[in-house]
Amino acid sequence: MSRMLHRTGLVSARVHIVLIVTVTFFALLVSAGLRATPGVLMMPLQLNFGWDRSTISFAAAIGIFLYGLVGPFAAALMMSFGIRRTMLAGLMLMAGSTFASLWMRLPWQYVLSWGVMSGIGSGTVASVLGAAVVNRWFATRQGLIMGLLSASTATGSLIFLPILAWLSNQGAWRPVVVAVSLACLILVPIVALVLPEHPGDIGTRRFGERPDSVPAASPKQARTAGLAISVLVSAARRPVFWLLFGTFFVCGLTTNGLVGTHMIAFCGDHGVTPVAAAGLLSTMGFFDLFGTTASGWLTDRYNPRVLLIVYYGLRGLSLMALPFLSFDAMSLGVFAVFYGLDWIATVPPTVKLANETFGEQEAPIVFGWIQTGHQLGAAFAAFGGGVIREQSGTYLPAFLAAGTMGVIAAGVLLLTLRQDEAT
């Protein structure tokens, strides 16, 4: 269908590329919105079913973990069966699993629907999708476009969380589930209509390639998901892989896992309403749209390791400071702006380092494995934060530990940067 749009002259090749980026942006946005939803559901589910926070956090942790684990296999499937088919399968699984949760009554049903099934579905429509689209459709401006697509994850919070928090007012949870399921379902026909598999399918070339270059042919469909394992074995021999894996573990721990899952409940402990707390996360999402896009622009121009040192260091310090704020509108607003600018800013420089080290062909799969580290950290913090809150009655140790991890990540990156400069 996308090829038909091009051949009939309804859209030019350049406009089609813009449409591809736009559709990818919204797919990533909805996927991120789904993964942020358990934070909104936490208090309504406690109220309606009497489940404790550690139980609800466990389901969120499973979903976050699978969201990352599926990434490298999704990247291999995109090479084998195409980006469009993989996206469509993921979106339909996301819509079906969330809709099925309307009939849940027991914790294991919540774990199955919002943990296992939605985790697998959203994992196919995650950051690795952005890396695959950027490498397939862009020869230049890769950092900028990756920054823009990465920002969609926070923009998902910007759009979804206030609406979902409003829908969950007075403890209602079913309207939240219906809204998320419909958002996933609406994207299915749009992806089927707009997204071609390869520039060669519409007779064009990657953005920024020389005019005299021959448009690349569609990739052969001979590869299988087993490619993900072979790429991992090869990448694991390189120290830079473990550096990126470890620092991205910290990235997930300090964002999706702790702040994304527990911020609304944390604010509730200090007398902040769920709607106001969701607005705080939305403010972070709004400023991350600018921060991550700017990070992509900076990544095209400066050493990505230096950028990562700054991002992780500032993030760690801000998390250490958060529990000691007065939790009034002014202090929380300042934190939201500062933290939002740094939320997913780590993605563009991490992707660039993966491209430089492993090559553009295998980089999306390698980044998928690095993204697994991100979601391992997020799952650890999502579950661990709930356990800490249940056992100690406060989130203070969780936020101090997360902040310390951010500072350590910055220190490790600084050490490796100095070692590289010395050689």
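Cβ from N, Cα, C; glycine included.
As written in TrEMBL, here are the features:
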- 12-34: transmembrane segment (TRANSMEM)
- 17-421: domain 'Major facilitator superfamily (MFS) profile' (DOMAIN)
- 54-75: transmembrane segment (TRANSMEM)
- 87-106: transmembrane segment (TRANSMEM)
- 112-134: transmembrane segment (TRANSMEM)
- 146-167: transmembrane segment (TRANSMEM)
- 173-195: transmembrane segment (TRANSMEM)
- 240-264: transmembrane segment (TRANSMEM)
- 276-298: transmembrane segment (TRANSMEM)
- 319-341: transmembrane segment (TRANSMEM)
- 395-417: transmembrane segment (TRANSMEM)
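Long-range contacts of the transmembrane segment (319-341) within its own chain (CB-CB distance under 8 A, at least 6 residues past either end) are made by residues 154, 254, 258-259, 267, 270-272, 280-281, 283-288, 290-291, 395-396, 399-400, 402-404, 406-407. The recorded stretches the transmembrane segment (112-134) and the transmembrane segment (395-417) do not share 3+ CB pairs below 8 A when only pairs 6 or more apart in sequence are counted, and are therefore not in contact. Counting Cβ pairs under 8 Å that are 6 or more residues apart, the transmembrane segment (12-34) and the transmembrane segment (173-195) reach 3 or more and are in contact.
Distant neighbours of the transmembrane segment (54-75): 35, 38-39, 41-42, 45-46, 86, 90, 107, 110-111, 114-116, 118-120, 122-124, 126-129, 131-132, 225, 228, 231-232, 252, 256-257, 261-262, 364-369, 371-376, 378-380, 382-383, 385-387, 390; these residues of the same chain sit at least 6 beyond its ends, with a Cβ under 8 Å from one of its Cβ atoms.
Between the transmembrane segment (395-417) and the transmembrane segment (240-264), the number of CB pairs under 8 angstroms, six or more residues apart, is three or more, so the stretches are in contact. Packing against the transmembrane segment (87-106) from elsewhere in the chain are residues 27, 30-31, 34, 49, 74, 113-114, 117-118, 120-125, 129, 174, 177-178, 180-182, 184-185, 187-188, 191-192, 195: each is 6 or more residues past its ends and has a CB under 8 Å from a CB in it.
Mean pLDDT across the domain 'Major facilitator superfamily (MFS) profile' (17-421) comes to 84 in this model. Within its own chain, the transmembrane segment (276-298) is flanked in space by residues 36, 39-40, 143-148, 150-151, 154-159, 161-162, 164-165, 259-260, 263-264, 266-268, 307, 311, 332-333, 336-337, 339-349, which lie at least six positions past its ends and keep a Cβ under 8 Å from the stretch.
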